[in-house]
Amino acid sequence: MAAATRGCPPLGSLLRLLGLLSAATASWDLASLRCNLGSFCECDFRPDLPGLECDLAQHLAGQHLAKALVVKSLKAFVHDPSPTKPLVLSLHGWTGTGKSYVSSLLAHYLFQGGLRSPHVHHFSPIIHFPHPSNIDRYKKDLKNWVQGNLTACGRSLFLFDEMDKLPPGLMEVLRPFLGPSWVVYGTNYRKAIFIFISNTGGEQINQVALEAWRSRRDREEISLQELEPAVSRAVLDNPHHGFWHSGIMEERLLDAMVPFLPLQRHHVRHCVLNELAQLGLEPRDEVVQAVLDSTTYFPEDEQLFSSNGCKTVASRIAFFL
């Protein structure tokens, strides 16, 4: 798909996007490097930032901070012909708030092959690092994988999902790749993009959003400055998070911590209408209402935020059609 043909209108359903992400994950094998030091892979980095910005505006519900931070960071990085370090983003928030969706969009709008590009690498702890006892092998394999693929194509995207479930100590091997040095192990890596995804900090983000609502403040008035200290502390205090004692946070190697706010009922409605449109179906009030009513909300008294965000919208629509 050429870059000129990508962009708004819609990509296809969220379910299809996340399915591709899962397929890309399943096909990855640490033991056999597709793009290693001995082979050449043609880069397919074809950024379509207007398309990305349009898609985020239309389809990412309730995330003014995430939209602004992701677009601003990418624009500055992509337009810099000689960046001093890789772009490193850490996405944080409650389940179903759009973190995986955004990572899927990034692959789609940055690489001609999207999630199927050989230069988009998605890591899942359950699939790739399931046994903490094998940590030494995982560290060696991960270092070789990143080094080999960056040697073949400096414009590569590395997605690390469920950072809360990674074996402790694994991420420390990435630290040399994330800083401002010119080369690491003979590899120029400064044009790479690293995305880390986790639920850590979600409770703290939810609390700030709840307090804003109780104070009758506009959701869009919530600033990064209100959220970043609490999210950073939640990560640093969590021994199960991949950044634990890795030096990545301590050395300030993250370019941005991207918070995803909890979704309210009208945001879930937005997701339902989007999904119906993606399926080519007319919005039927009874279906929309049934999905909203079957969704659980918290806190118990206010019933304000969706417990699963928009994560189960597609399956609930299928049930009520």
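Cβ coordinates are placed from backbone N, Cα and C, and glycine is handled just like the others.
Noted in TrEMBL for the protein shown:
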SIGNAL    1-26  signal peptide
BINDING   G93, W94, T95, G96, T97, G98, K99, S100  ATP binding site
DOMAIN    266-320  domain 'Torsin-1A C-terminal'
>> Can you name every residue in this chain, apart from G93, W94, T95, G96, T97, G98, K99, S100, with its Cβ inside 8 Å of the center of the Cβ atoms of the recorded ATP site?
In response: Y101, N199, G202, F260, G309, K311
> Taking the Cβ of T97 (ATP binding site) as centre, how many other Cβ atoms lie within 10 Å?
Replying inline: 32
>> As a quick check of your reading of DSSP, tell me how many residues in the domain 'Torsin-1A C-terminal' (266-320) are helical, how many are strand and how many are coil.
In response: 31 helix, 4 strand, 20 coil
>> Around the C-beta of G96 (ATP binding site), how many further C-beta atoms are within 10 angstroms, looking at every protein chain?
In response: 22
>> Under 8 Å between C-beta atoms and at least six apart in sequence, can you list the same-chain neighbours of K99 (ATP binding site), or say none if there are none?
In response: L91, H92, G93, I197, F260
